Amino acid sequence: MCPTSRSRAFNNSIFCADERPYTAFFIKHFVYPMSLASQPLTTQSTKPHAQYPHKYSVAPMMDWTTSECRQFHRLLTKKALLYTEMVTTGALIHGNTERFLRFSAAQEHPVALQLGGHDAHDLAHCAQLAQDYGYDEVNLNAGCPSDRVQNGMIGAILMAHAQLVSDALKAMSDRVDLPITIKHRIGIDDFDSYAFLRDFVGTVAQSGCTTFIVHARKAILKGLSPKQNRDVPPLDYQRVIQLKRDFPELHIVINGGIKDHGLAQDLLDQGVDGVMVGREAYQNPLLLLEVDKLFYQSADPYDTPEALNEVLIDWIRLKVASGTPLKYLARHMLGLYSGQAGSRKFRRHLSETMHPIEAPPDIFETALAFIKPIGFRGLQEYSE
Ligand SMILES: Cc1cc2nc3c(=O)[nH]c(=O)nc-3n(C[C@H](O)[C@H](O)[C@H](O)COP(=O)(O)O)c2cc1C
């Protein structure tokens, strides 16, 4: 998003000059649902049991959920809430703010900015920046286990400092009108009892934060890499479901290991307010095609794979024509049609040819020709 369109949140109708080519494209193919745009996007309702508007979200993933990735995902689901990668307060305050915060106002809403940090003043300042840039939510990362961020008191280590987190979230929500949310684990290291988790949420809720996104496994801060920390500690969905029972007035979103929508629906049926899907949405993006119908009772966005392909090709042509190198787009699309006949050839062709800075958009179309889509369902029935 360009600085001239910095306005308060929800001004989705403002397109700056470099976004104008997309306006017609999106009015034709894809318009951010105005029914949602006209609703206040706040989740910080004081009304107990207020309906949580974001039943389905795509997780923040560093280096993966870039702006281009989110724009691609938005072509697959109009409704899911999309999260940015984590950006630290230090990077925003001392680095290139515009580069970190720029996003496509035409294409990405609703979109949440995830912040990494612990200092209440800095976080409040960055929340203000997020609001000025037009984000729909600001989320604090209290789940990342990496050594590097731990040393800066960022991420999962914050779970050991509930009052600090509560004060920081309060400072953020005092500063802005946006919903302020938190994403955390069910515990860290030996602080892994349900009582610890419940006390953490209870203390943080005193800040006024009403949305807790809970990755249903603990983080082990010494000895496991971030990648291992996403697989090794066992998932415990029941702890997250219990949180919802103990805090019925809060919005509890569950995350971790959700690979199909049967499980997602099952978790929603057990009481949580939303599901957040990470790796599966990225690696098998066609999953997102089901979201609007299954979770929001909206129409399927496309009737046929051909209709989807036409939109993707148009989008890639527009983006490349306006200066985005093909690889910035296509690297997030390698999992498209994964499991269907021809998907490996599609992936190979793209990954071998997309890298030159001047790579033409036709490469994507040529790669798509390898796929023999059978439809959007029954993906596992085909092997190459
Ligand atoms: C490549 C990658 C980068 C990630 N980066 C972040 C991040 O920036 N912030 C965050 O809160 N979680 C991050 N995560 C964790 C995910 O948001 C999510 O909690 C985790 O992958 C579990 O969900 P899943 O099993 O659906 O993937 C990342 C995960 C992956 C795979």
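The backbone N, Cα and C atoms fix where each Cβ goes, glycine too.
Since we're looking at a predicted model, the values are computed, not measured.
If you check TrEMBL, you get these features:
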- 58-359: domain 'DUS-like FMN-binding' (DOMAIN)
- P60, M61, M62, Q114, K183, H215, N255, G256, G257, G278, R279: FMN binding site (BINDING)
- N141: site 'Interacts with tRNA' (SITE)
- C144: active site, proton donor (ACT_SITE)
- K227: site 'Interacts with tRNA' (SITE)
- R230: site 'Interacts with tRNA' (SITE)
- R344: site 'Interacts with tRNA' (SITE)
- R347: site 'Interacts with tRNA' (SITE)
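TrEMBL feature annotations superimposed on the structure.
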residue	record	DSSP (3 states)
P60	FMN binding site	coil
N141	site 'Interacts with tRNA'	strand
K227	site 'Interacts with tRNA'	coil
N255	FMN binding site	strand
R279	FMN binding site	helix
R344	site 'Interacts with tRNA'	helix
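Shown are the recorded positions K227, R279, R344, R347; of these, the residue with the fewest other Cβ atoms within 10 Å is K227. Counting other CB atoms no more than 10 Å from each candidate's CB, the recorded positions K183, R230 peak at K183. Residue annotation for FMN gives P60, M61, M62, Q114, K183, H215, N255, G256, G257, G278, R279. The furthest Cα pair among them is separated by 20 Å. When Cβ atoms from all protein chains are considered, those within 10 Å of G257 (FMN binding site) total 18, not counting its own. Here N141 (site 'Interacts with tRNA') comes close to P60, M86, Q114, L115, G116, I154, G155, K183: these same-chain residues lie at least six apart in sequence, with C-beta atoms under 8 angstroms from its C-beta. Filtering K183, G257, R344 by Cβ distance to ligand 1 (under 6 A) retains the following recorded positions: K183, G257.
A 10 Å radius around the C-alpha of G257 (FMN binding site) takes in these recorded positions out of C144, R230, R344, R347, in sequence order: R230. Distance between Cα atoms for R347 (site 'Interacts with tRNA') and R279 (FMN binding site): 17 Å, as a whole number. Here the C-alpha separation of R344 (site 'Interacts with tRNA') and R279 (FMN binding site) works out to 19 Å. R279 (FMN binding site) is 10 Å away from R230 (site 'Interacts with tRNA') when you measure Cα to Cα. The Cβ of the residue listed as 'active site, proton donor' lies under 8 Å from the Cβ of M86, G116, I154, G155, A156, A219, P226, each on the same chain and at least six residues away in sequence.
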